[in-house]
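Please read the structure below before turning to the comments.
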Amino acid sequence: MNIILANPRGFCAGVDRAISIVELALEIHGAPIYVRHEVVHNRFVVDGLKAKGAIFVEELDEVPDGAIVIFSAHGVSQAVRHEAKRRELKVFDATCPLVTKVHMQVARASKKGTKAILIGHEGHPEVVGTMGQYDNEKGGIFLVEDVEDIAKLGLKEDEDLTFMTQTTLSIDDTIDVIEALKQKYPAIQGPRKNDICYATTNRQQAVRELAKLAQLVLVVGSKNSSNSNRLAELASRMGTPSQLIDGPQDIDPNWLQGVTTIGITAGASAPEVLVQSVVEHLKTLGVTKVEELEGCEENTVFEVPRELRITEVN
C-alpha cells in the first residue's frame, strides 16, 4: 500500500492565531485562562491546552469576575461581548479575522435595516456568533442551510436583501444556494466572492485531486469540525470512500482490505503531528511508500492581539 498526502492540509492561519493567543495568554498571565467554547474544533488541541491550564466553558456565567477570557476562533455575538464588558472581564479575541469580516457585513446590514440571509449550519458556533451581529428590529437575519430552505423564508421578492455565508461550507453546495437565492430574489446583494475562506477552498480543491487517485480517503479532524466534515463529504461525493478520524486509534484495519492507495488530508483545525501519527500507524499495517501532492502555497499570517504581540517580541 502507498499513501498520498493532500497539499495543503491541516492548520490554517486563523487556527494558528487562535492557539497562539491561548498559549501566549497562559505564558504571560498564568493559569487559569478561560476560553469560551473550544478555541478550535479539535480534541487533541483542546486537550493539550487544558493540560497547560486553559479552562473551556460554554457561557460567560461560568467565568469568575475579573478573570481573563478568550473568545474562540468561531466568534461570538454582540450580546456576549456586551456581557463580558459589563462584567469587566479581560478579553482576548481569537475570532478568525475572516469570520470578523462576515460579522462586519452583518453589522452593516443591521445598521441599514437591510434584511440579511446567512447561508450556514444551524447551531454551529460561527453561525450563532454571526447572526448575533444583527440587532435591528426593523430588519432581520434569516438562516438557510440548503436550497429547500429558501422557499420557507417568506420574504418578498422586491425586498432590500443581502446575503453572506459561513466560512467553512461546501463550495459546491454554497454555489447552488447562492444561485437559488439570486433566482428567487434577483435584486439581492452579496459579496463579490462568497465568504468561504481561502483555507476551506484550498483544502476542498486538494481533496478533489486526492479522491481521483486514492481508493480510500482518511480525513484527520474531529467530529464537530465543520470544515473536516465537508472534506470527508466531498471525497465520498466524488465516489471515493472516506472516513473522518481523530487519529490513528480510529482506524479500522477492515477499511484497508483491497486498498492499494490511501489518501490522507486534515481539516484546518487538525495539527500535522496527528497526520504523521496516522502515517506511522499505517506503516505498521503495510504501507511502504508515502508521497505528497503538489499544491498551492499558503503564506497567510494573522497577528495576535497587540498586548500579546509586544510581549512575544520582547
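Heads up, the Cβ atoms here are built off N, Cα and C, so glycines get one too.
As given in Swiss-Prot:
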- C12, C96, C197: [4Fe-4S] cluster binding site (BINDING)
- H41, H74, H124, S225, S226, N227, S269: dimethylallyl diphosphate binding site (BINDING)
- H41, H74, H124, S225, S226, N227, S269: isopentenyl diphosphate binding site (BINDING)
- H41, H74, H124, T167, S225, S226, N227, S269: (2E)-4-hydroxy-3-methylbut-2-enyl diphosphate binding site (BINDING)
- E126: active site, proton donor (ACT_SITE)
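Sequence features, as recorded in Swiss-Prot, placed on the structure.
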| residue | record | DSSP (3 states) |
| --- | --- | --- |
| C12 | [4Fe-4S] cluster binding site | coil |
| H41 | dimethylallyl diphosphate binding site | coil |
| H124 | dimethylallyl diphosphate binding site | coil |
| T167 | (2E)-4-hydroxy-3-methylbut-2-enyl diphosphate binding site | coil |
| C197 | [4Fe-4S] cluster binding site | coil |
| S225 | dimethylallyl diphosphate binding site | coil |
| S269 | dimethylallyl diphosphate binding site | coil |
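Under a cutoff of 8 A between CB atoms, and with a sequence separation of 6+ in the same chain, the neighbours of S226 (dimethylallyl diphosphate binding site) are H41, H121, H124, E126, Q166, T168, L169. Among the binding-site residues H74, T167, S225, S269, the ones whose Cα sits within 10 Å of the Cα of C197 ([4Fe-4S] cluster binding site) are T167. Within 10 Å (C-alpha to C-alpha) of T167 ((2E)-4-hydroxy-3-methylbut-2-enyl diphosphate binding site) lies none of the binding-site residues C12, S225, S269.
Other than H41, H74, H124, S225, S226, N227, S269, the residues of this chain whose Cβ falls within 8 Å of the Cβ centroid of the dimethylallyl diphosphate site are, in sequence order, V40, E126, T168, N224, S228, G267, A268. Closest by Cα distance to C12 ([4Fe-4S] cluster binding site), from the binding-site residues H74, S225, N227, S269, is S269. Of the chain residues outside the [4Fe-4S] cluster site list C12, C96, C197, A13, G14, V15, A73, P97, L98, V99, T167, T168, Y198, A199, T200, A268 have their Cβ within 8 Å of the site's Cβ mean position. Relative to C96 ([4Fe-4S] cluster binding site), the binding-site residues S225, N227, S269 all have Cα atoms farther than 10 Å away. In the three-state DSSP scheme, C96 ([4Fe-4S] cluster binding site) falls into the coil class. A simple way to gauge crowding: the CB of C96 ([4Fe-4S] cluster binding site) has 26 other CB atoms within 10 angstroms, across all the protein chains here. For the binding-site residues T167, S225, N227, S269, the largest tally of other C-beta atoms within 10 A is found at S269.
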